[in-house]
Every structure is written in structure tokens, then in C-alpha cells.
Amino acid sequence: MDKYDKIIDLTKRRGFLWNSFEIYGGIAGFFDYGPLGAILKNNVINTWRKHYIVNEGFYEIDSPTVTPYEVLKASGHVENFTDPLVECKDCLESFRADHIIEENVDVDTEGKTLQELQEMIEKNNIRCPKCGGEFKEVSTFNLMFATSIGPGGKRAAFMRPETAQGIFIQFKRISQFFRNKLPFGAVQIGKAYRNEISPRQGVIRLREFTQAEGEFFIDSRKKENFEKFESVKDMVLPLLSGKNQEDESLSSEEKVVKMSLSDAVKNGIIAHEAIAYYIAVTKKFLMEIGIDETKLRFRQHLPNEMAHYAADCWDAELYTDRYGWIECVGVADRTNYDLLAHMKNSGDDLSVFVELDEEHEIEAYEIELNYKLVGRTFKGDAKVLEESLKELDDKKMEELVEALETEGKYVLKTCKRDFEILKEYLTAKKVKKIVKGEKIIPHVIEPSYGIDRITYCVMEHAFKEDEDRTVMGFSNAVSPIKVGVFPLVNKEGMPEIAMDLKNKLRENGLIAEYDDSGAIGRRYMRMDEVGTPFCITIDGETLKDRSVTIRERDSREQFRIPINEVVPYIKDKL
């Protein structure tokens with residue numbers, strides 16, 4: 001067995017991970033978390049919450065997983081949320097084209113076009129792994145799970161492909177909550193869905209998974225000189241830039257360069273200080289939950305693999321024994337793509353008013369509507385026209401005035417309808433105005449975390465074995481069981497003392513497990529396998545002087561302390 005098989009075997013035996021729907025044969029791309037796995041995953045999530053909600057001042061929202069078609073049409077997911085698909089001509093089995101190539105040829109398919117993937121399959125004579133048949137042409141496959149809202153299927157919808165859209169849709173409400181003062185951040189943690197073509201990587205590639213995403217809204221002019229960056233500028237990280245990825249003269253080791261965030265921004269490797277700051281937050285979080293620093297790197301997306309909404313994106317990749325480097329976190333500059341898209345398609349104003357450092361005088365057009373004529377012409381839509389005219393920027397206003405002067409009419413397109421405006425509908429004149437601020441569409445920095453992949457990597461990076469034991473060396477922040485409590489023997493009042501101590505630990509918010517089964521060595525072994533950092537034994541000495549033996553998992557060191565000092569000692573160590 002390789003390390004992955006050993007970990008999966010342990011996690012199934014000890015209640016971390018189980019195949020979903022197992023008694024019905026199981027379905028690829030779905031896993032259940034057992035009792036300890038659920039605690040481990042929640043500890044990862046709660047550590048993430050600490051970093052983003054407590055430390056960074058973001059607030060959390062919770063929105064539906066079912067998302068109307070028009071929302072994901074506006075966001076670009078209907079057109080762009082796809083993977084390359086190949087289907088066998090004989091057995092009709094489907095596979096991801098890029099994955100099937102990488103399994104047969106030592107080549108990186110990241111960012112390749114459909115045509116390039118097709119040429120690779122033909123050049124290397126790649127056949128169906130199931131029956132040996134030829135493949136059909138490479139095509140695209142939309143990864144969203146389709147559904148409908150209500151009876152009759154009249155309202156098309158999807159299971160959300162990301163949690164982010166729920167935040168963008170509620171932007172006006174979130175902005176009001178923050179008193180419309182940039183910058184501010186919102187997070188959402190929950191299920192997202194990808195109808196993966198052929199998920200064959202266990203817990204690494206799931207069809208239903210948990211995301212933790214933050215959306216940090218900022219004035220685009222503040223990204224270059226980001227106030228918080230000063231606190232992390234000297235942090236050194238292993239960076240795999242887009243430029244180095246494309247430099248064929250460099251070896252794979254030479255392509256990854258360790259440098260400070262300050263130098264990375266100064267040299268134009270990372271786009272700006274704001275995205276660099278959230279790369280640093282990501283590093284801090286991953287270190288706290290026990291990720292091996294030597295198995296972490298940050299890789300920049302190449303231009304041809306960048307998401308449709310992103311201006312720059314860096315993935316935190318974690319190394320795994322079987323699957324190599326896997327993407328676990330994406331830190332992206334989404335610009336104002338999403339807010340603009342939802343403004344255009346919903347008709348709602350998703351701008352924020354920002355005050356200028358200094359007031360200044362400008363010349364601007366002031367419009368006076370002929371309400372009687374406009375009301376008679378557009379009836380109930382007259383108000384829509386009035387509001388739409390107010391939202392026009394200087395350039396659009398110039399276009400309107402020029403068209404009315406030269407052609408006598410202008411067509412104003414809005415999300416609700418097109419308005420043909422005639423010259424007699426309004427009067428436009430230039431006036432001098434004192435400007436104290438302006439409306440802007442904020443840009444978004446998005447740190448997006450795949451919690452299931454991260455949780456698996458926490459387990460793999462914690463997994464250690466030698467001649468006499470197997471250990472899950474979890475960090476104290478995420479270990480599911482904090483303390484094991486054992487009576488040395490099941491007599492002389494030891495079980496009662498041990499049970500009482502276990503209850504005291506739990507009353508103090510610590511998950512403690514009582515175990516009186518088998519030899520003390522086997523009990524230590526069971527606790528080592530589930531990553532419990534401390535074990536406490538009640539023995540004969542306890543009956544004499546009320547002291548107990550504490551054993552530390554990693555060092556195996558044992559020492560005695562008074563029983564009434566156990567709770568404060570453990571809490572201090574954790």
C-alpha cells in the first residue's frame with residue numbers, strides 16, 4: 001500500500017472518512033465524514049473563521065445552495081464553468097481529456113485548448129482505459145448540476161458551483177451593514193457542487209464539497225498601497241510565477257523561487273499588495289492547521305488558464321504522496337467583474353459612494369425631464385428611465401446629448417428595456433458642481449479554500465509511522481480528541497476517578513475520551529492513530545497522592561502532575 005491507501009484505511013477504521021452510499025455500491029465523487037472526521041473538518045473551518053472573522057474583521061453570511069439560472073448566466077458560469085470531455089466510441093465511457101492525457105504521457109496539460117488536447121490524444125494514440133476503444137473528438141462539458149424550482153420545471157436553476165455568488169447578490173445589503181464604507185469583507189462557508197466527468201482521485205476530487213470563501217471589497221485605487229501589507233511584507237514564500245512556468249530552460253526545482261512578498265510585488269511577480277496580503281493570510285492559516293511547510297508552494301495561473309473573472313490568481317498548492325501538487329486555495333483578483341455583471345443583468349445599482357480627499361469643482365450635465373411627455377410615452381417605466389439617466393457617466397451623457405443634437409433621438413439600453421429618447425423628452429444643460437465624492441464599483445480580492453482537500457492534506461501531512469506505531473501528528477488546533485483518559489486497571493476506584501476527570505475536561509470545553517479496554521500500550525496506540533496530543537493515566541500513585549501521569553503524543557515523554565492541575569495544564573498547552 002502507498003501512503004494514500006494507508007491513510008484511507010486508517011481513516012475508515014477510526015471514523016474519519018467513509019465512502020458515501022456504501023451499502024448500495026457507492027458513487028465516485030462522494031465521501032462521508034465519520035465522527036472524528038467531522039470534528040477534524042469543523043476544527044479546520046473554525047480555525048479559518050478565526051483568521052478571517054476574528055483577525056481580519058470579515059462577517060459571515062449563509063445563502064441558499066440552489067441558485068436561479070439567471071444568476072449564473074450573469075456571472076458567466078453557464079458559458080464558462082466547463083471541463084474538456086472525451087467519450088469512448090465503443091463503451092461510451094466519459095473521461096476528462098486533460099486527465100486521461102496526463103495519465104498516459106508525462107506532460108502538463110494546464111491551459112491547453114481543446115484542439116491541443118485533441119492533437120495530444122491522436123499523437124500518443126491514447127485509448128479508452130476501460131475497453132481500449134478510440135475516443136470521440138474532445139468537447140466541453142458544463143460542470144453544474146441542473147435542477148428546477150417548483151413544480152413543472154418552469155424556473156431553471158443549478159446547485160451552486162461556488163459560494164461567492166451568494167455574497168455578490170447580497171452586496172447592497174452587506175454594504176449597508178458596513179455603513180457603505182470601503183474596504184470590507186464578507187465570507188461564506190458551505191456546500192458547492194461540480195458534476196465532475198470521472199472523479200477518480202478519492203477525496204481530492206468530489207462532486208459535492210465544502211468551500212470557505214472570502215470576498216474583500218476595495219477601491220481599486222487602494223490595491224497598490226494596501227495598509228495591512230506592511231505587517232507581512234517580509235514573509236518569504238515559495239513562488240512559482242507564470243513567467244517561470246513558461247521558461248523551458250529552468251528545471252522544475254529552479255522554477256520555484258523563495259522570495260519576500262515585498263520583492264514579489266516590487267518585481268511585478270504578484271500584481272499588487274492587496275492580493276499579496278491575502279496570500280500571506282493563507283500561509284498563516286495553513287501553518288496553524290498543521291500543513292507541512294516544505295509541501296506548500298504558491299503557483300500563479302497562466303493567462304490561458306485564468307478564470308473568466310480574474311485579473312490575477314495564485315493557488316496555494318499542497319504536495320501529496322500519490323497525486324503530487326494539488327490546488328487547495330485560490331487567491332484571485334476578481335476585479336469588479338461580478339458586480340458589473342449583476343448590475344447589468346438585474347438593473348440594481350451595486351456601486352458605493354466614496355469621499356474624495358479634496359472637494360473640487362466640475363462641469364457636468366444636468367437633465368430636466370418633460371415628465372408629462374415621458375410619463376405618457378413610457379407609463380410605468382418612466383421611473384426606470386429617470387433612474388437610468390441619473391446613473392450615466394460623463395462619457396455616456398456626452399453621447400446622449402450629441403445624439404439628440406445631431407439625430408434628434410438616442411436609444412438608452414437598460415436591463416429592463418430599451419428606451420428611445422426623443423429630443424423633446426428632456427433638456428440637458430451644463431452646470432458647475434462641487435464634487436465631494438464619486439460612485440465606484442468596488443474590486444474584489446477573493447481567497448477561496450477547498451476545505452475537503454485541505455482536510456485530507458492535514459491528514460496526510462500528519463501521518464507518520466515507524467516500526468512500533470502509527471501516528472496522526474495533528475496540530476493542537478485541529479486534533480479531534482484533545483485528551484485520552486485511562487484507568488490503569490478497572491478496579492480500586494480508578495475508573496471512577498478517570499471518568500470524573502474526563503467529565504471535568506469536557507465541562508471545560510475539551511473533547512476527552514475515556515478508554516478502559518485492553519493493555520495501556522494498546523490504548524496509547526489507539527489515541528496515537530487518531531492524533532490525540534495528550535493521554536492521562538490514573539494509577540496506584542493517584543490513589544496515594546492524587547497525581548496522574550501525562551503522556552505527550554509526539555515525544556512520548558511521561559511526567560506526573562497533581563490531578564487538580566490537569567485542566568489548566570492541558571488548556572494552556574492547547
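First residue shown is number 1, and so on along the chain.
Glycine is no exception: its Cβ is also placed from the backbone N, Cα and C atoms.
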Listed co-binder of substrate (same site as Arg96, Phe209, Thr210, Gln211, Ala212, Glu213, Glu446, Pro447, Ser448, Tyr449, Gly450, source Swiss-Prot) among Glu162, Glu402, Glu496: Glu162
Three-state secondary structure, Pro447 (substrate binding site) (per DSSP): strand
DSSP state at Arg453 (ATP binding site), helix/strand/coil: helix
Among Phe209, Tyr449, the most crowded of the binding-site residues [Cβ within 10 Å]: Tyr449
Rounded Cα separation (Å) that holds between Pro447 (substrate binding site) and Cys328 (ATP binding site): 11
Of the binding-site residues listed as Arg96, Phe209, Gln211, Glu213, the one whose CA lies nearest the CA of Ile451 (ATP binding site): Gln211
Separation of alpha carbons, Phe209 (substrate binding site) and Arg194 (ATP binding site) (Å): 8
